[in-house]
Structures are given as C-alpha cells and as structure tokens.
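Copied from Swiss-Prot, the annotated features are:
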type     : residues : note
SIGNAL   : 1-19     : signal peptide
DOMAIN   : 275-389  : domain 'Cadherin 2'
CARBOHYD : Asn280   : N-linked glycosylation site
DOMAIN   : 390-504  : domain 'Cadherin 3'
CARBOHYD : Asn409   : N-linked glycosylation site
CARBOHYD : Asn554   : N-linked glycosylation site
CARBOHYD : Asn629   : N-linked glycosylation site
CARBOHYD : Asn658   : N-linked glycosylation site
CARBOHYD : Asn699   : N-linked glycosylation site
Amino acid sequence: MRTGSRLLLVLLVWGSAAALNGDLTVRPTCKPGFSEEDYTAFVSQNIMEGQKLLKVKFNNCAGNKGVRYETNSLDFKVRADGTMYAVHQVQMASKQLILMVTAWDPQTLGRWEAIVRFLVGEKLQHNGHKPKGRKSGPVDLAQQQSDTLLPWRQHQSAKGLRRQKRDWVIPPINVPENSRGPFPQQLVRIRSDKDKEIHIRYSITGVGADQPPMEVFSIDPVSGRMYVTRPMDREERASYHLRAHAVDMNGNKVENPIDLYIYVIDMNDNRPEFINQVYNGSVDEGSKPGTYVMTVTANDADDSTTANGMVRYRIVTQTPQSPSQNMFTINSETGDIVTVAAGLDREKVQQYMVIVQATDMEGNLNYGLSNTATAIITVTDVNDNPPEFTTSTYSGEVPENRVEVVVANLTVMDRDQPHSPNWNAIYRIISGDPSGHFTIRTDPVTNEGMVTVVKAVDYEMNRAFMLTVMVSNQAPLASGIQMSFQSTAGVTISVTDVNEAPYFPTNHKLIRLEEGVPTGTVLTTFSAVDPDRFMQQAVRYSKLSDPANWLNINATNGQITTAAVLDRESDYIKNNVYEATFLAADNGIPPASGTGTLQIYLIDINDNAPELLPKEAQICEKPNLNVINITAADADIDPNVGPFVFELPSVPSAVRKNWTITRLNGDYAQLSLRIMYLEAGVYDVPIIVTDSGNPPLYNTSIIKVKVCPCDENGDCTTIGAVAAAGLGTGAIIAILICIIILLTMVLLFVVWMKRREKERHTKQLLIDPEDDVRDNILKYDEEGGGEEDQDYDLSQLQQPETMDHVLNKAPGVRRVDERPIGAEPQYPIRPVIPHPGDIGDFINEGLRAADNDPTAPPYDSLLVFDYEGSGSTAGSVSSLNSSSSGDQDYDYLNDWGPRFKKLADMYGGGEED
C-alpha cells in the first residue's frame, strides 16, 4: 500500500490557431516556438539589478526579425536575444518562482509561451538528468491530456528505496480574452492517482466558480476536467485564483487542495482614448525650436505591459500650414508637443489647430487601433513691436490760466495684441517743459496720448512751448528688439492771451489804528495790479462787503477813507479786527475782476464807562448776617478796565448813612448795612464805579436791594420775601382789574348755560321721544318687495287735467299703477276758514293743541299714498257724490283727539261767518 498520494494536473497547451482547430494534417518543416516548454534556472535568495538569469531560445522561422518578448512579472524582462534579467533588486520570498515568457511576432501576430522556473539554492536532479521542457506546437486536443508531475526524490533506507510524497506547484493557466468558443472550453484536467482505488469527486472554489462572477469556470466532478464557460474580458478581470478539491464519495478529503492561477491573456480590443477631445495650449511668438507647448494624453484599457496597451502619438495635420507645414512635433511616447521650426509670429498666425493621433500596438498603423484629438495652440503675444508715432510733429493751442485742458492728441501704431501690456502705450515728456505744466495721459480705448495742462500757463511769461515726447509700452521690449526712431515726436503748444482779472498784491492787507477816528480819515490805499501788460485797460474799485458800512473807497486809485466812526466794541468786530472786501474790475472784453480783503485792527481807547453788577440783590435786616458782593463790567480791554473803584455818593445822605462799601480787590467789593436794622423793603442804592483808563471814566449805577427778615441761616423767609417785594399801587390795580374780568367771564358763562338748559327743557316738553319723527323716514306703503315699475311720471298722477289721453284709450289690460278710467268721486268742499289775523293766535292755537296731546309731533308731516291698482273686492261702492248728507257726517272725528284735529276740520265743516 502506498504511503503517499498524488494529484495530477493535465494542462492544455495553447498553441497556434491550427492546434486550436484540431488541424494535424499540415506540419511545416520549420515550426515556430520556443526550444523548450519549461526553463529552469537556479538563483540566489537576493537577485541583483541587471543580473542575467537565463536565456530562452525562440525561432519564428523568419530570422526572429521584430520578435518581442514579454513576461507576466514587472521584476523581470527579456532582451531581444532572449536573455532574461532582473529589472531591479529582487528578494526571493519562496524557494521557487514560476514565470510565463511570451514571444510575439508583430508580422504574423503569433504568440508563443514558455514557463520559466527559478529555484533558490538547490540543484534539481531527476535520475541524474536535467528536466527537459516541452516544446510548444500544434497537438491534438485528444492528446492534450497528459500527466504533469514534478520530480520526486528517492532516499536510501534500510528497506531500500522509498518514494516520498511530492509538493505540487501548478504553473499559471493562460486563457485568451474574447475567445469565440465553442463553450464550455476545456482548460485542464485534475486527477488524483487514488482514482484507481476509490471513486473521487472533484470541485473548484473561488472567484469565478462559486463566488461572483459565478460559474465562469466549471469542473467535471468525475473526470476532473475544468472548463471555461464564456468569453473572458481582461479589462473586467485580469486573473482568477481558484482552489481544486478532491474528496471521496463520503465527502472526505482525499488530497490537499491545490491552487490554480488563471490569467486572462490580453487581446487588442480597446482603442486608445484621449482624456480630452480638445486640448488648449499656448506658446510665445518667436519661440525657438524645441520649446515645450503642451502634453496630450491617451489611455488604452488593454494591458500596458504588452503592445496592445502601448500607445504612440503622431501629428496628422496642422492648420494653417504657415510659415511651415511642420511647425510642431510630438513625442511619440509621452505626447509632449514642442516647436520644431522657427517663425511663430502672432501678427501673422494667431492660432494653430493640430490633429493628434494615438495608436496602440506601439504605433503600428497596420495592426493597431487609433483615435484622434484636437490640440489648439494659441500663439501668445510678446512685445516684439515697439509703438511708433503716426507723425513726427504735433501741435496744439491752449488759453492761459486754464487747467485740465487737452491740448493735443498723439496717435501711435502698435501691431502687438490690443489692450495688453505689450500694446498699452506710456507717454513721457523728455524735454521742453521744465516747470511741469503738461502731462500726457493714455486713452485706454484708443491708446492715444492726450497732452493735458496740469499747471496753468501765463501768456505774459511763455507764449509757446516746444515739447519732445517719447512713447513706450507697459511691458519691456522682447529680447533683441530695439526702440524705433519713430517712437519720438515733437509737440508745439501755442498759448493764447485772455483777459486776466486784476489782483491785489497784498491780499488780506492788515492795518492798525485807534478806534474812534473821525469820519473822512484816510486809512490806506488798497490798489490792484492788472496782469495783462499787453492790454490797455483801466481798473475800477468798489466795495463788495462792508458789514458796518464804515468805509469808502476811491473808484480810481483805491484810497480808503472812513464813512463813520470805527467802534471796537461793535458786534461787527471779531478779535479786535474789522474785515471789508473790495472789488477791482477792468474794462476788458469780457471784463474781469478780482477781490481783496482789508483787515483793520482797532486799538482800544477808554470810551466805555464800567457798569455795576449785579443789578439786583437781597440782604437781611440785620447787618451781621450777610453782605452783597458787587463787581463791574467794562466793554473796553486792558488797560482801560480794572482795577475799579466802588464808592457811595454823598447825596442823598441816607445812602452813606444806611450802607457801606468794603473793597475786596481791584475787581470786587462788598455792600453791607451800616445801621443795625433796616425795615424790610426794596431800596435803590446808587454806587459810583470808576475804571483805570486814561483818562478814567466813571458811572453811577443803581442796584435794587431787597431787605428781608432772615432765618438763623441767613436766608430770607417767605413772608419776608413777599413783604420785601413791595408791590406798587399800579401793580395792585392791575391785579384787581384782572380778577374782576375773570369773575365777569365766569358769570356770563353761567348765565349762558342756564338759558341753554331752559331752552332744551322747553323743547323736551313739546316732543315725545317715542313720537319724535324728525329726521326719520316713515314708510306706510311697504307691502312687500316694493314697486316693480319705478320709472313713471309723478306729475301726471298729481294733475288729473292732463289725463285726457288716458280717458280716450280703448278698454283692455292696464297696468296696476295706472289711474282708473272714469269719473272720480266728488267730495264736498269744506268752507274756507279765514286765516287768523294775528300770527301769534295761530301759534298759540298750535301750542294749546300740543299741550293737550304731549305725544303729538311738533309739526305736520305730509304722507303720500300711491295708487295701488283698480277694482275692489267689494261688490259695489257708492259714489261719494251720490251719498246722502247723513253719510257726510264726520263729527265723530272730533272725538279722536288733537292729533286728528286737521282731519276733522277738513271734513267736519265749520261755522259760517
């Protein structure tokens, strides 16, 4: 019985198309492919960068021209001669590494593969022979099932040779994408060497089997053949990792699971796709060949490690083809577009449109797939064209004394891009204007230079200016470009003479003099100067402002004299200064005028006597309780004011007898009682105040002193204050008159209110509130809904004599509001009651009737009853005219009361006169 078991893997070897179709009839003499199917190399644990590992041999039966090698690892590459080397330093993580090497012939598009094994630190032995790889080539599908076993070791023992269990390393399974089938398509066969002893069931697990995407791969549980069930797409998934399991019929594990790695071989089924369909770039005009412009990028979804995903770029067309049809070139691998020729000039060509093509298969136009994009290259402007004046000389004219006036417009020509720093002009005056009268501003729209006056020019000083101006750009000129001689021009500016206003050389002229000078005094001569030296003109003077009307000016020579006495204490004086403004006007065309201000500083003289302060005060009856502080005010200033002298006059003698003054200092003194007691009242105390002027002035002022009884604090009591007020006879009479007028007004108001109340009471007696129908509308004919026809002539109803046309109408249907046809009843005529001779009797009669019936209204109301239709429900109604005299008795109406007295008078008759 064996001590170990084996799990066998039968691989399908992918070869040429003839092998896939099972065509075994044609076997060429030269069969393209690798010399071996498996290559083995022994390597160290640490592989150095560039280290040669082995050399594979391949023959395409055409001299291997154009054959390219690829590996499925980024760590290793194969040179054109088949030498395999390490791209960089590699640290082997396991004892064995298996790679796949692919040879690709771009002419026939054939692909051949071989397995390369790297074994770390051991020499592989197999019966003393190096294992041979299997040659790839067309084989029959029926013959593809073969057992692939790794060499095993035999160990010497006491019992002889013993076969040990082998470790299986399954090489990757490569499946081309986009296969057309038929499906399912067999890939490999998995078999255990125990299948001869027991029944084994095989299964696979992993992504693509029992995990999404589900059922991409399947396995025959009995034979162990594994299939792919549908076309593969490497762009969806590039590899699959499955595990193969072998169990018995009871589900017990027979072999350890083995790992299956399935790689989807890329096919060229995706075109390169540009990231953008339109790329925008720019390059300066005049750039040298080789100047970088922009980069275009296209991505290919195919494997970038194979030719299927290797994109190459080229320029298809260039528009316009000026000055050369090949102004740009592109790096075929990176997509960088650079200039290849000189002569880029924005003024000639501002933009290029370049069509770029990206092709995979390393740019092979015969086999590769392509796509295009547009690159728009804008030639940016550089300052390679200096601005130039359109003419060498310019001229202008300006009136004198004018500023912010445009004298001349300077035009330039610049072929650079408008409204850019390379085009915007800057003007400078380089000579001819040392005083800075002019400046040149740039019009942002037209780029013209506007020569502007910023400092007024004087015709009498300069009649003309000769300016030299230069123009440049905001941006400096490009390297190698020189300024043009046309960038400089001359500007001639003529100054025209205008009538200038006269001016006062010493404006705000200040003079000093004492106040009080007499009228007619000559103060000064305030003359003006006419700057127009070349014009014969006369200057006339007049007053413009003289607030106090104190001054006169001579209209010819400007001499100023006083028209009134100047008073320093006047309200028109501010800080001892009086200001007046004068006008000087010439007789030019048009006339011009100027103003000047004269300031007169008035020196004070002692012309104002001091005034005593305060004017009123109060003091207690007893002299020891309080005093009055007094001072003085003087309209003058030092030294014509204090110190002041305060004294009492000698006449009348009672003043000095009752009062006394005590000096405190030069400005203040105290007034107090001299006697021990003074009766409460108001006293006029005269005081003489003298200033310190030269000569001194004095003034006798009256101070009203209220003498009143005081409390212990020295304050006047209320009674004392009233008594001290001392109302005079006139004040008392005025107060009495006011009181009498007020009482009279109150009395008149009371009388008026009484009369009004009496009238209101009288009217209330005549009117019952319930029967008061004044200002009320009483409707007696409301019978529901109102009259349908409101459009009728009321006058026709009131004038029967106008109804003849109605009587003549033919019988028929009539409106209910029409007057009935036929004779109307005649009522007896009531005797006429003579009108009362006296209107008073008539009024009294009505008043008596109202007194008898308090509910009667104060006046009669006219009630109008409209006609309500013809006919009656009664059989017959006798005419009023045919009724007997007994029927005409209306005496019972007299019993209805005063409210029906009028009705009784109308129908009851009356006594004959």
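Each Cβ is built from the backbone N, Cα and C atoms, and glycine gets one as well.
Overlay of Swiss-Prot feature records on the structure.
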{"residue": "Asn280", "record": "N-linked glycosylation site", "DSSP (3 states)": "strand"}
{"residue": "Asn409", "record": "N-linked glycosylation site", "DSSP (3 states)": "strand"}
{"residue": "Asn554", "record": "N-linked glycosylation site", "DSSP (3 states)": "coil"}
{"residue": "Asn629", "record": "N-linked glycosylation site", "DSSP (3 states)": "strand"}
{"residue": "Asn658", "record": "N-linked glycosylation site", "DSSP (3 states)": "helix"}
{"residue": "Asn699", "record": "N-linked glycosylation site", "DSSP (3 states)": "strand"}
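When averaged over the domain 'Cadherin 2' (275-389), pLDDT in the model lands at 93. Taking only the Cα positions, the spacing between Asn658 (N-linked glycosylation site) and Asn629 (N-linked glycosylation site) is 17 angstrom. Helix, strand and coil content of the domain 'Cadherin 3' (390-504), in residues and according to DSSP, is 3 helix, 51 strand, 61 coil. All protein chains included, Asn658 (N-linked glycosylation site) registers 17 other Cβ atoms within 10 Å of its own Cβ. Nearest to Asn629 (N-linked glycosylation site) in space, judged by Cα atoms and limited to the glycosylation sites Asn280, Asn409, Asn554, Asn699, is Asn699. The Cβ of Asn554 (N-linked glycosylation site) has Tyr541, Ile560, Thr561 as same-chain neighbours under 8 Å, each 6 or more residues away in sequence. Its Cβ placed at the centre, Asn280 (N-linked glycosylation site) has 12 other Cβ atoms within 10 Å. Neighbours of Asn409 (N-linked glycosylation site), defined as other CB atoms within 10 A of its CB across all chains, total 13. Taking only the Cα positions, the spacing between Asn280 (N-linked glycosylation site) and Asn699 (N-linked glycosylation site) is 103 angstrom. By neighbour count, meaning other C-beta atoms within 10 Å, the densest spot among the glycosylation sites Asn629, Asn699 is Asn699. Helix first, then strand, then coil: DSSP counts for the domain 'Cadherin 2' (275-389) stand at 6 helix, 50 strand, 59 coil.
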